[in-house]
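K.L.:
Pasting the feature list from Swiss-Prot:
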- 216, 217, 218, 219, 220, 221, 222, 223: ATP binding site (BINDING)
- 185-455: domain 'SF4 helicase' (DOMAIN)
């Protein structure tokens, strides 16, 4: 039991603080049978949300194991707790066996989480009330400091309540109104700048939670273009970039990056045929690039689950991610669907990539090959239907960009001025116009530039 001594403001045990033992037990039980349940709890429940100490220890252990990509069931959890010397503190193996025997109904998981969250906020509110009473007796701290401290804690509690997936129209439109006021007061892009003026004008930048497909036939410059974009973003915003290179090694990608940034021919760079001026440029560029949060993963044949785990791990380490890049889509493996029908497998992959973009609130760029049918046409310029043999890319993508270099197919073109021109076709934009822009491509450095350079 708990009550307050009005003279001291101290808490005296008189009754239990709000909690729900069964809801906590069922939620923990769910975590032992479903990775989706862990993700749901990770978004909604802190360790302190659990009232019972042994429940907090179990939940903390599960989160640590999950972040390390350790399989989670009663055996692995028991082993982890034993190794940490925590098994006696949680009540022994019998507590874990009780959780396994609970047989939770996952359909109601979010409701059980809501109950736990509700009790946690109520406990926090009660404790804040006791703190307010105690603070009223303290005279060596200014009243202003006390009120500011209490206000901050109350604001934090309010945020706990509003941390929900369903928004009322009032909250939603109020949020949009604030965003619009900010944008109108400052001429900024709505999303991340690609570094290419005409592309930004059409798209208003890459938006959080967008799946962006950059497609083209081989040798159109997909990797170079995407690497240019990623470099532009990390240099401008200093946000972590995670680049999955499923085709090229990290060394090959690094050479391309250095060549494009230092404007040194990649063959000369690889051969080490560098003059003094080149070396000076190279040292300066390497120093600048080394200070940027640019992360490359060149693990081949990655599954969608592996990519998701690596994104989550980097987010946990860096606290934020600016952009995720996958080069390229057709080299990925499905986590669950093992089918001879590659189209179905690619459909599952693109849907999962869109889910990753939404879950982590980050733009995801995926490079994609186009159908070989392009080569059989007289006019080689790609169209949206060239993606349709690659699963549901067209349906799942928010933006579809296609690269076309006429020089590749018409090397004897008499119009020399057009030889370095690449068409960037914005074939789909879920929330904006489509169109075609022109870029300059310099094959000497595998780098793209604005067709008309902007100040």
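Numbering starts at 1 and runs along the chain as displayed.
Any Cβ shown, glycine's included, is placed from N, Cα and C.
Have a look at these and tell me how they're positioned relative to everything else.
P.N.:
Cβ neighbours of residue 223 (ATP binding site) (same chain, under 8 Å, six or more residues apart in sequence): 247, 248, 253, 256, 327, 328, 367.
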K.L.:
To which of the binding-site residues 219, 221 does the lowest count of other Cβ atoms within 10 Å belong?
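P.N.:
Each of the binding-site residues 219, 221 was scored; lowest Cβ tally within 10 Å is 219.
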K.L.:
By Cβ count within 10 Å, point out the most packed of the binding-site residues listed: 216, 222.
P.N.:
216
K.L.:
For residue 218 (ATP binding site), which residues in the same chain are close in space, meaning a Cβ under 8 Å from its Cβ, but six or more apart along the sequence?
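P.N.:
In sequence order, the residues whose Cβ lies under 8 Å from that of residue 218 (ATP binding site) (at least 6 apart) are 369.
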K.L.:
According to DSSP, collapsed to three classes, what secondary structure does residue 221 (ATP binding site) have?
P.N.:
coil
